[in-house]
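Input: a single structure, listed below in structure tokens.
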Amino acid sequence: MASQQKVVEIYTDGACSGNPGVGGWGAILRWNGHERELYGGNAHTTNNQMELMAAICALKALKEPCLVDLYTDSVYVRNGISKWIEGWKKNNWRTASKSPVKNMELWQTLEDACSCHAVRWHWVKGHAGHPENERADALARKAIAQYRENGRFPT
């Protein structure tokens, strides 16, 4: 009998104090009545980089191939991975206007993190009262606060 893939909901957010500046990311993973919170950050980063890192770290935390519904308030992340990335690759990591793609390494890492999962990307409006998006945002801000307090991010 074939085993059924685990269905996981992931909620992500990134935050940056200054852009660039100190940034944090947060993610909530939910499956079969269980939840796990993840967060981290970088001392010199951008909001878009933290949005990407939230999705990357959440997907990498999965221990087996899963069916994933990933919710982000970043149109940049959702469109980048679901609409733009194939064109970027065909154009040798250049945009339609021939500029180098920003955050290329993170996009490549995100694509790799998605490769063993079936990921459905969903956009949610940020700062609009969506409970899990608000929690992911709070985790991202917690990472920034911890860095400011003791000079390091959670591990």
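Glycine residues also receive a Cβ, built from the backbone N, Cα and C atoms like all the rest.
Among GLU35, GLU37, GLU51, the residue that Swiss-Prot places alongside ASP13, ASP73 at the Mg(2+) 1 binding site is GLU51.
GLU51 (Mg(2+) 1 binding site) falls within a helix when secondary structure is assigned with DSSP. A straight line from the CA of GLU51 (Mg(2+) 1 binding site) to the CA of ASP137 (Mg(2+) 2 binding site) spans 10 Å. Each of THR12, GLY14, ALA15, MET50, ALA54, THR72, SER74, VAL77, GLY126, ASN133, ALA136, ASP137, ALA140 belongs to the same chain as ASP13, GLU51, ASP73, is absent from that list, and has a C-beta within 8 angstroms of the C-beta centroid marking the Mg(2+) 1 site.
Each of the binding-site residues ASP13, GLU51, ASP73 was scored by the other Cβ atoms within 10 Å of its Cβ; the lowest score goes to ASP73. All protein chains shown were included, and the count of other CB atoms within 10 Å of the CB of ASP137 (Mg(2+) 2 binding site) stands at 22.
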